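J.: Swiss-Prot feature annotations, pasted as is:
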BINDING   His13, His15, Lys99, Asp247  Zn(2+) 1 binding site
BINDING   His15, Leu16, Arg17, Asn41, His136, Leu219, His251, Ala263  substrate binding site
BINDING   Lys99, His136, His174  Zn(2+) 2 binding site
MOD_RES   Lys99  N6-carboxylysine
ACT_SITE  Asp247  active site
Amino acid sequence: MTTITITRPDDWHIHLRDGAQLKDTVRDISRYMGRAIVMPNLVPPAIDTETALTYYDRIKAQVPAGSQFEPLMVLYLTDKTSPDEIRRAKASGKIVAAKLYPAGATTNSDSGVTDLKNIYPALEAMQEVGMLFLVHGEVTDSSIDIFDRERVFIENILSKIVADFPELKIVLEHITTKDAVDFVTQASDNVAATITAHHLLYNRNHMLAGGIRPHFYCLPILKRNTHQQALLAAAASGSKKFFLGTDSAPHAKDKKEAACGCAGSYTAHAAIELYAEAFESVNALDKLEAFASFNGPDFYNLPRNADTITLVKKPWDVPATYPLGDTNVVPIRAGEVIDWQVE
């Protein structure tokens, strides 16, 4: 039986939601992840230090006994985020980054940034104090095709931010295109990217060919196979610029299976197991540990986890649903088999 032991991984991009759903999302991600960067797009969003810290307390209250799981908090940037707020957040010791959501780009992004110039003072403060800048890299102009929104964002917006703030550490999150891979690869060492398991394992054919499969619908949307292969090559390349970020984003079953379904795929039930499948598919299991356990903390200037987990190649059946507060979520690979499991 094939087994691999790796340093305990972290998730550098996850949605834990809030309220009754929190106990279920925290249960799943804390099984073997040491830390997770927790997205702030709540209702209302975590736009200030106090809101982010009270959210931290709610998450910690749901961590199962015996788990050392630690949430790493993120400030939600708005047009009005001040340099002083950035300094307060950094001084808290628990908020490690601030997040750009272009207004309307994804779930609960209506409070997001309408003009990048509005956050330049905040970005200057972040560069000064060493706070990371996390980016949902899509334009929101309705005239831009949804499959092109990441590429256009990189060309028109991100390239300018990188030039204007050369000392700012930037994470282009959940990248989905060869364009993003190339940009991050060629940029300075201050630019990195997260890649999801579902963008490594799937492309838009899985979502659209032979019937619409709404649980694959996420933002940024799945792209064509050539982009999927570029992501796999980047993740398995050994480059320190790419690391694990699930973007696990639960929605109730009836919110996904609807005439106008929500964007987001749930992978926290089997995150590292799905990544193991992806890396095995390109004969790169030897590169999984760096991607999952080293590159993220190294980029964030945080210590690597000290303990390990062991993955065993032992297929198991994924339940059709998992509990999500007072409803259910349909996970990726629901009712099917995953080849790996954590011992």
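For all residues, glycine too, the Cβ spot is worked out from N, Cα and C.
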J.: Which of these binding-site residues is closest to His13 (Zn(2+) 1 binding site) if you go by CA atoms: His136, His174, Leu219, Ala263?
T.: His174
J.: Relative to the Cα of His251 (substrate binding site), which of the binding-site residues His15, Lys99, His174 has the closest Cα?
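T.: Given the candidates His15, Lys99, His174, the nearest one is His15.
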J.: Across all the protein chains here, work out how many other Cβ atoms are within 10 Å of the Cβ of Ala263 (substrate binding site).
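T.: Within a 10 Å radius of the Cβ of Ala263 (substrate binding site) lie 16 other Cβ atoms.
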J.: For His136 (substrate binding site), name the DSSP secondary structure in the helix/strand/coil scheme.
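T.: His136 (substrate binding site) sits in coil per DSSP, no helix or strand.
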J.: Rounded to the nearest angstrom, how far is the Cα of His15 (Zn(2+) 1 binding site) from the Cα of Ala263 (substrate binding site)?
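T.: Between the Cα atoms of Ala263 (substrate binding site) and His15 (Zn(2+) 1 binding site), the distance comes to 12 Å.
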J.: Cα within 10 Å of His174 (Zn(2+) 2 binding site) is the criterion; apply it to the binding-site residues Leu16, Lys99, Asp247 and give the hits in sequence order.
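T.: Qualifying among Leu16, Lys99, Asp247: Asp247.
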J.: Rounded to the nearest angstrom, how far is the Cα of His15 (Zn(2+) 1 binding site) from the Cα of Asn41 (substrate binding site)?
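T.: That comes out at 8 Å between the alpha carbons.
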J.: How many whole Å apart are the CA atoms of His15 (Zn(2+) 1 binding site) and Leu219 (substrate binding site)?
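T.: The Cα atom of His15 (Zn(2+) 1 binding site) is 13 Å away from the Cα atom of Leu219 (substrate binding site).
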J.: Using Cα coordinates, what distance in whole Å links Leu219 (substrate binding site) and Asp247 (Zn(2+) 1 binding site)?
T.: 9
J.: Between Asp247 (Zn(2+) 1 binding site) and Arg17 (substrate binding site), what is the CA-CA distance rounded to a whole number of Å?
T.: 12
J.: Let me check the 10 A CB neighbour count of Asp247 (Zn(2+) 1 binding site). How many other CB atoms are there?
T.: 27
J.: DSSP on Ala263 (substrate binding site), three-state: which is it?
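T.: In three-state terms, Ala263 (substrate binding site) counts as coil.
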